[in-house]
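Down below is the structure, laid out as structure tokens.
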Amino acid sequence: MAVALGCAIQASLNQGSVFQEYDTDCEVFRQRFRQFQYREAAGPHEAFNKLWELCCQWLKPKMRSKEQILELLVLEQFLTILPTEIETWVREHCPENRERVVSLIEDLQRELEIPEQQVDMHDMLLEELAPVGTAHIPPTMHLESPALQVMGPAQEAPVAEAWIPQAGPPELNYSATGECQNFLDPGYPLPKLDMNFSLENREEPWVKELQDSKEMKQLLDSKIGFEIGIENEEDTSKQKKMETMYPFIVTLEGNALQGPILQKDYVQLENQWETPPEDLQRDLAKLVDQQNPTLGETPENSNLEEPLNPKPHKKKSPGEKPHRCPQCGKCFARKSQLTGHQRIHSGEEPHKCPECGKRFLRSSDLYRHQRLHTGERPYECTVCKKRFTRRSHLIGHQRTHSEEETYKCLECGKSFCHGSSLKRHLKTHTGEKPHRCHNCGKSFSRLTALTLHQRTHTEERPFKCNYCGKSFRQRPSLVIHLRIHTGEKPYKCTHCSKSFRQRAGLIMHQVTHFRGLI
């Protein structure tokens with residue numbers, strides 16, 4: 001399989017190579033791109049922008065040609081279709097070019113003597129791995145089809161019981177009769193098969209159902225062999241010693257690379273009759289856990305044990321914040337919140353405005369900023385129909401209608417709707433002007449006033465009209481200008497119902513109504 005695919009890849013990728021440029025950082029960005037989850041982002045805009053950024057960091061379109069990018073994509077797909085162990089083995093060897101990738105796989109196949117198609121090594125492994133004191137089941141006991149072949153009473157070498165284990169946790173206990181107990185953990189139980197029924201029992205109704213069941217076919221096709229036999233009393237003592245040994249299980253397909261190494265360790269331990277070391281136990285535990293046993297329901301009226309229910313998934317309790325920032329110790333409920341918070345420490349601002357080039361920490365901030373260029377004001381006051389770009393501005397404005405003024409100046413007694421307004425007002429009492437222009441030395445009490453002033457020196461006009469292309473230094477000037485194109489006149493006279501684009505126009509008009517009274 002891999003040889004044919006390798007030849008195809010080698011024939012199609014014969015121009016240039018990017019392996020030497022494919023460093024560890026590229027692999028990190030590739031994994032982050034493939035493993036990125038939607039829940040890690042605050043919304044669809046941030047998720048799309050993050051995927052775009054990770055893809056560019058991985059493929060580097062500004063540095064690589066289209067052919068090199070295609071080569072990387074084909075390489076990734078080629079490694080993906082390989083068996084898991086071969087893919088891991090190839091990545092660990094860090095081949096310097098594509099020819100080396102193909103040759104590594106071909107050398108590995110020749111070393112292991114694995115055909116291109118599926119190989120059945122069942123009998124060979126049973127011969128090599130059968131421990132001392134065990135005997136093979138006679139050919140009549142080999143379960144080669146879904147029909148259970150049961151040894152008759154006239155066999156010369158009868159076996160007490162035969163057990164076909166499915167992959168499970170690392171600890172097995174064997175009774176004196178060779179019965180396998182506690183093979184699987186409580187979360188994934190494996191029913192026990194009573195192999196001591198007579199030929200007449202095969203005619204019972206549930207036997208046919210068990211033979212044709214999907215679960216039994218999975219057991220018979222699982223490519224796992226493990227046989228236990230007790231022939232005489234002398235072998236019984238060795239069998240009891242084997243009960244303390246860690247069981248050795250090798251899958252023929254999923255772990256072909258790990259099998260020979262573990263087999264060698266097992267033979268050494270078998271000769272010593274000692275408890276296996278912890279490192280071997282961990283390797284065997286990983287090997288067994290990879291099988292992920294799954295079985296269905298137990299047939300009715302059978303002597304199979306009832307399986308236990310799997311352990312329920314642990315739910316996160318309300319208010320739990322498992323994600324902790326290593327810099328400041330602040331905790332968050334979601335990983336995406338922690339990711340956004342860590343940008344504060346790193347100073348990263350990945351979201352850039354295409355109009356003015358200003359960068360932002362979050363995509364939501366960029367989206368809100370772009371309203372300054374488009375003039376969009378989605379939040380409208382239901383009382384005076386005035387519109388705002390931010391919800392917080394609308395809430396503050398609505399307080400003017402409800403006459404809610406919670407912030408009071410202790411100097412003059414004046415009240416304000418916002419704390420920022422009170423803070424700005426206090427500077428009038430102290431005369432504080434902390435913001436100074438470096439060009440002309442003029443000082444301002446507000447940073448926004450300094451920003452607007454500096455545009456007079458730089459002649460910067462960041463607010464551009466999308467209709468006529470005219471630019472403005474301030475956003476309010478753009479908003480007023482846009483009303484010329486839209487025909488909007490939000491300021492209405494309460495006396496004659498005449499409307500105006502600007503508030504100043506309304507005030508000048510209202511003077512005409514009161515001119516005779518003055």
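Glycine residues also receive a Cβ, built from the backbone N, Cα and C atoms like all the rest.
The compositional bias 'Polar residues' annotation in Swiss-Prot covers 292-304.
Sorting the domain 'SCAN box' (30-112) by DSSP state (H, G, I as helix; E, B as strand; all else coil) yields 66 helix, 0 strand, 17 coil. What Swiss-Prot lists as domain 'SCAN box' is 30-112, and the listing cites sequence analysis.
The feature region 'Disordered' is assigned by Swiss-Prot to 292-325.
The annotation zinc finger is assigned in Swiss-Prot to 323-345 (among others). Using a Cβ-Cβ cut-off under 8 Å and counting only residues 6 or more beyond its ends in the same chain, the zinc finger (323-345) has close neighbours at 39-42, 361-362.
Mean model confidence of the zinc finger (351-373) amounts to 84 (pLDDT, 0 to 100 scale). Annotated zinc finger per Swiss-Prot: 351-373 (among others), in sequence order.
The zinc finger feature in Swiss-Prot is assigned to 379-401 (among others); the stated evidence is sequence analysis. Within the same chain, residues 368, 371-372, 417-418, 490 sit at least 6 positions outside the zinc finger (379-401) and bring their C-beta atoms closer than 8 Å to a C-beta of that stretch.
Look at Swiss-Prot and you will find 407-429 (among others) tagged as zinc finger. Under 8 Å from some Cβ of the zinc finger (407-429) lie the Cβ atoms of residues 396, 399-400, 445-446, all in the same chain and six or more residues away from its ends.
Taken from Swiss-Prot, the feature zinc finger covers 435-457 (among others).
As annotated by Swiss-Prot, zinc finger applies to 463-485 (among others), with the evidence given as sequence analysis.
What Swiss-Prot lists as zinc finger is 491-513 (among others), and the listing cites sequence analysis. Within the chain, the zinc finger (491-513) has long-range Cβ neighbours (under 8 A, six or more residues past its boundaries) at 480, 483-484.
Cβ atoms under 8 Å from those of the zinc finger (351-373) belong to residues 41-43, 45-46, 49, 340, 343-344, 389-390, 462-464, 466, 475, 478 of the same chain, restricted to positions at least 6 beyond its ends.
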